[in-house]
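Here is the structure we will look at, set down as structure tokens.
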Amino acid sequence: ASGAEDQWTLNENREAFSRILFRPRVLIDVSHINMATNILGFDVSMPIMIAPTAMQKMAHPEGELATARAAASAGTIMTLSSWATSSVERVNSVGPGIRFFQLYVYKDRNIVRQLVKRAEMAGFKAIALTVDTPRLGRREADIKNRFNLPPHLVLENFAALDLGKMDKTDDSGLASYVASQVDQSLCWEDVRWLQTITSLPILVKGVMTAEDTRIAIEYGAAGIIVSNHGARQLDYVPATISCLEEVVREAKGRLPVFLDGGVRRGTDVFKALALGAAGVFIGRPVLYSLAVDGEAGVRKVLQMLRDELELAMALSGCPSLRDITRAHVVTDGDRIRRARL
């Protein structure tokens with residue numbers, strides 16, 4: 001629930017959406033609304049997908065297995081965290097579904113090779129490489145609470161490597177774990193290295209600038225996820241919705257750009273699509289709904305967001321996703337430019 005340091009970005013991730021207003025069009029036939037889309041060659045029912053969130057069995061005993069079933073039933077994509085409390089094999093065992101695997105690169109590259117290969121063999125369709133976490137942000141609530149993984153749970157993807165538990169510390173057990181295991185030397189060349197060990201498309205998660213977008217394209221990324229890690233890394237970075245257009249402009253349609261962060265309503269999804277996103281990933285709403293009612297809770301939150309997006313499309317005069325354009329929203333920047341004119 002918390003963010004880094006002063007939690008300014010945590011609040012801004014939501015507030016920035018409230019400053020984007022609609023320009024609805026009228027007298028358009030919206031008797032049939034089509035939200036279906038294609039993500040990296042995979043047909044999905046809607047442009048709302050599940051972001052990677054760690055340790056879901058802390059929210060519900062079935063954890064990631066419940067989330068995977070809910071995503072499959074909704075016809076959308078689930079992204080499994082490296083630090084899941086269910087392994088890639090266990091998640092695959094719940095049945096068919098389109099699933100991506102989020103990757104943290106460990107100092108021991110043999111661990112990375114094994115993990116990527118296991119995800120590939122378990123039927124995962126893409127790698128979402130997290131690039132904004134060479135060190136963990138200062139999450140003061142975690143420090144105060146001396147956050148640690150409960151003793152009855154384990155990071156299942158690493159259990160066989162004796163890396164599934166965290167040591168107890170006087171601050172955040174997760175921060176200590178990251179400092180000891182995650183490779184701080186990760187750089188753009190490692191994107192190419194990943195391409196040598198897997199044939200899966202690689203999404204770069206954590207890009208917020210045009211400069212890094214340009215480099216991601218040069219290094220063969222299959223897509224970009226605009227993300228500030230749920231405002232849990234560097235505080236006082238802009239909201240992701242505020243960074244989206246800069247990234248989209250630089251991408252120039254050469255690869256899909258997705259948004260992660262702050263999405264709580266179907267209207268938020270519409271705004272992201274209008275600003276050029278190919279889809280959005282949701283994190284906290286999944287964890288909260290999972291805690292409330294397990295698989296049924298996650299199904300419910302996905303249905304709520306779907307229904308809200310459908311209504312926003314109808315009331316904006318957009319019968320399909322391709323009808324949603326930049327002209328359907330007004331941002332702070334638009335208002336400033338018009339005032340200058």
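Numbers here mean position along the shown chain, with the first residue as 1.
For all residues, glycine too, the Cβ spot is worked out from N, Cα and C.
Here is what TrEMBL says about this protein:
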- H229: active site, proton acceptor (ACT_SITE)
- 52-54, S81, Q102, T130, K205, S227, 260-264, 283-284: FMN binding site (BINDING)
- Y104, R139, H229, R232: glyoxylate binding site (BINDING)
- 1-334: domain 'FMN hydroxy acid dehydrogenase' (DOMAIN)
Original post:
If you count Cβ atoms within 10 Å of the Cβ of K205 (FMN binding site), leaving out that atom itself, what do you get?
Top reply: 27
Original post:
Around R232 (glyoxylate binding site), which residues of its chain at least 6 apart sit with Cβ under 8 Å of its Cβ?
Top reply: S2, G3, A4, L10, G137, R139
Subject >> Distant-in-sequence Cβ neighbours of H229 (active site, proton acceptor), under 8 Å, six or more positions away >> reply: T130, D132, T133, G137, G206
Subject >> Reported mean pLDDT - the domain 'FMN hydroxy acid dehydrogenase' (1-334) >> reply: 95
**OP:** Inside 10 Å of the Cβ of A54 (FMN binding site), count up the other Cβ atoms and send me the figure.
**Re:** 18
Subject >> Rounded to the nearest Å - Cα separation of K205 (FMN binding site) and Y104 (glyoxylate binding site) >> reply: 11
Subject >> Cβ-Cβ neighbours of D260 (FMN binding site) (radius 10 Å) >> reply: 27
Original post:
In sequence order, which residues at least six apart in the same chain have a CB under 8 Å from the CB of G262 (FMN binding site)?
Top reply: N13, R14, A16, F17, A239, T240, I241, D268
Subject >> Which same-chain residues, if any, lie at least 6 apart from P52 (FMN binding site) yet have Cβ under 8 Å of it >> reply: T79, L80, S81, S82, F100, Q102, A128, T130, G283
**OP:** Under 8 Å Cβ to Cβ from Y104 (glyoxylate binding site), same chain, six or more residues apart: give me those in sequence order, or none if nothing qualifies.
**Re:** S82, W83, T130, T133, Q181, V182
Subject >> Entry from the binding-site residues list R139, R264, R284 having the most other CB atoms no farther than 10 A >> reply: R139
Subject >> Maximum Cα-Cα separation (Å), residues Y104, R139, H229, R232 listed as binding glyoxylate >> reply: 18
Subject >> Q102 (FMN binding site): tally of other CB atoms within 10 A of its CB >> reply: 24
